[in-house]
Amino acid sequence: MIRAPLVKALGALGSPTHQMASRAVRTSAMVAQTPAKAPEKIEVFVDDIPVQVVPGTTVLQAAAQIGVEIPRFCYHERLAVAGNCRMCLVEVEKSPKPVAACAMPVMKGWRIKTNSDLTRKAREGVMEFLLMNHPLDCPICDQGGECDLQDQAMAFGSDRSRFTDINYTGKRAVEDKDIGPLVKTIMTRCIHCTRCVRFASEIAGVDDLGTTGRGNDMQIGTYVEKLFLTELSGNVIDLCPVGALTNKPYSFVARPWEIRKVSSIDVLDAVGSNIVVSTRTNEVLRILPRENEDVNEEWLADKSRFACDGLKRQRLVAPMVRMPNGELQAVEWEGALIAVAKAIKAAGGQIAGISGQLADLEAQVALKDLLNRLGSEVVATEQGFIAGGTDNRANYLLNSTIAGLEEADAVLLVGTNPRYEAPLVNTRLRKAYVHNELQIASIGPKIDLSYDHENLGADAALVKDVCSGAHAFSKVLEGAKKPAIIIGADLLERADGAAIHATVAEYCKKLKKPNWNPFNVLQTNAAQVGALDVGYKAGAQTAVKAQPKVLFLLNADAGKVTREQLPKDCFVVYIGSHGDNGASIADAVLPGAAYTEKQGIYVNTEGRPQQTLPGVSPPGMAREDWKILRALSEVVGKPLPYDNLDELRNRLEDVAPHLTRLGQLEPAGDAGAAGTISKSIGGGAIDIKLKELRDYFMTDAISRASPTMAKCISAVNKQQRENEAKQSVAI
């Protein structure tokens with residue numbers, strides 16, 4: 001009876017307050033006040049080409065305006081100017097000696113020569129000094145092929161050196177530092193550009209790296225022997241212009257010209273960082289950041305970068321059905337789909353679905369459509385949210401936007417730790433703290449943020465105090481030009497979550513400014529916003545309360561549903577990529593594709609839809625999630641009305657048109673729960689899941705399968721034990 005549709009289906013599968021005050025004074029002294037009127041531009045000449053620039057523009061920036069590239073090692077657009085590599089020396093007419101282009105502001109009428117004999121000779125001299133102590137490691141260096149020193153030595157260096165064996169005693173050697181399981185160090189290659197030091201201090205907010213010694217004895221290190229453990233440590237690999245700091249898990253794996261690169265997005269948190277997936281022979285080898293000023297700038301969190309080895313482990317590669325003896329046994333797709341179809345037909349419409357944190361939007365729409373055709377409306381997200389609050393998008397979005405948080409001048413964090421829940425949102429807050437005199441306070445447990453903040457306490461009743469104007473920090477928020485309140489998504493799963501949400505939302509209406517919405521919910525789940533946008537109910541308990549006879553788990557691996565909560569005869573179907581919590585309780589396991597193996601839309605915490613692109617094929621018999629659901633619909637006799645991705649995207653456009661406009665933000669209105677919330681905010685302390693660095697590394701099925709993430713947790717635990725031992729000895 002089902003043979004014909006089955007063939008088609010299988011085909012488809014092809015005191016802090018004082019610290020704040022002192023910091024504000026210090027920052028105000030460093031940051032110049034923005035003038036009310038834009039300054040008049042001045043004219044300078046770069047290689048005899050006139051350029052109009054604003055006062056304060058450096059020589060390097062002026063040259064860049066007309067496409068003239070000046071070599072540099074230490075300079076980076078997002079870091080403070082150091083001016084210590086001297087590779088950017090240029091000639092300025094009437095100047096007695098070359099000037100450092102990265103650090104020298106232009107003056108009116110200057111004539112700058114970037115390719116004169118003096119400039120070329122200066123660059124050759126600097127390069128000769130750099131190579132004097134640099135080892136000839138290029139054949140065995142992981143940076144080979146994408147090394148700034150290689151490129152600039154070819155373009156601007158001399159063809160010979162005066163430091164020969166006759167006249168020179170030999171190159172120096174520097175001991176390598178062990179700074180953790182992520183960054184490999186070969187410090188003999190270091191050219192002392194100090195990019196890593198400035199990144200750690202300015203962006204990551206940890207002063208672990210620095211310089212010791214002088215002249216030829218200068219070294220980059222951690223002062224005392226310790227690990228460089230921060231949620232952003234991998235970015236020093238991208239910043240390092242030579243092979244001194246490289247990717248330790250990627251060591252000796254591949255050369256740049258051997259790999260294929262695919263632009264995609266990260267889904268291991270709700271930021272939606274833009275990434276480049278590097279692959280070879282159908283294997284993901286590494287992940288690098290891709291620049292997007294609105295989302296992640298050019299940074300990438302460590303979990304997003306290094307957890308890619310989890311894509312090769314604990315994978316589901318064949319459909320499985322649980323046998324009478326309780327064991328899962330691998331079967332063909334035909335057998336698995338028939339087993340699920342039989343359970344569906346016996347359920348009589350008592351079916352529910354739960355979407356987890358790695359589910360793409362297309363699969364969520366396909367699951368919802370399938371259950372609707374089978375007579376069920378019970379589709380829910382694994383993560384909870386307030387009842388009645390999903391009708392208004394502004395209720396669950398980061399309305400100030402990720403980039404917009406840089407402009408905030410007062411922020412209240414409620415039940416969230418952005419440093420580990422969304423590291424690249426935290427970098428924006430730190431940026432505002434450094435450059436915008438941002439004042440930050442938190443309600444919840446004491447947390448280690450990368451900037452000074454005032455902890456108001458952990459009692460939930462403090463939310464009411466602040467929002468009623470009775471607290472001292474209320475005056476700070478009300479006096480700010482762009483205030484923001486950020487609520488942790490996990491906090492809203494509390495019994496009084498709706499009351500907290502409503503109280504903050506009402507207060508934010510008072511704080512709202514033109515073109516500025518201060519109400520924010522920081523999601524931690526890449527699939528949450530998209531699911532709520534297409535009509536999913538919030539919380540796994542919504543599905544559990546329905547007591548279904550068939551339950552679909554779509555990448556739901558957080559362990560929020562157990563067999564004990566379900567009817568004894570409930571048939572659980574898991575669709576996902578990894579053997580994790582969801583697969584362990586399933587009666588049928590249908591192997592899906594991971595985010596690097598499919599084209600799928602994810603909506604980040606600010607409501608921006610972006611898509612992943614496939615870099616490799618799914619392993620074994622695994623298929624894209626929506627194709628599995630399409631095939632299953634054929635088998636149960638309720639075929640879904642789309643056979644390819646374009647048709648499915650057309651269906652998505654009917655459901656939520658804004659979700660097909662990739663990369664664009666759809667403005668949301670004011671937050672506020674539907675109806676009146678009568679419950680008051682309960683007492684008790686607010687808690688946070690991700691309090692420490694060790695909590696950050698394993699939060700989903702992919703990172704839990706990653707050996708590198710396991711090494712990170714071991715390293716953090718080891719260092720903490722050593723620190724505790726030192727403290728006990730000191731006492």
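Quick reminder: no glycine exception, Cβ is built from N, Cα and C everywhere.
[4Fe-4S] cluster 2 binds Cys190, Cys193, Cys196 as Swiss-Prot records it, and from the list Cys147, Cys240 the residue named for this site is Cys240.
The two recorded residues, Cys147 ([4Fe-4S] cluster 1 binding site) and Cys85 ([2Fe-2S] cluster binding site), have Cα atoms 16 Å apart. Cys85 ([2Fe-2S] cluster binding site) and His134 ([4Fe-4S] cluster 1 binding site) have their C-alpha atoms 14 Å apart, to the nearest angstrom. For Cys141 ([4Fe-4S] cluster 1 binding site), the same-chain residues lying six or more positions away in sequence with a CB closer than 8 A to its CB are Cys147, Ile186, Arg189, Gly243, Thr246. Cα of Cys88 ([2Fe-2S] cluster binding site) to Cα of Cys193 ([4Fe-4S] cluster 2 binding site): a span of 12 Å. Ranking the binding-site residues Cys74, Cys138, Cys147 by the number of CB atoms within 10 A of their own CB puts Cys74 at the top. Here Cys138 ([4Fe-4S] cluster 1 binding site) is compared against the binding-site residues Cys74, Cys102, Cys190, Cys193, Cys196, and the shortest C-alpha distance is to Cys190.
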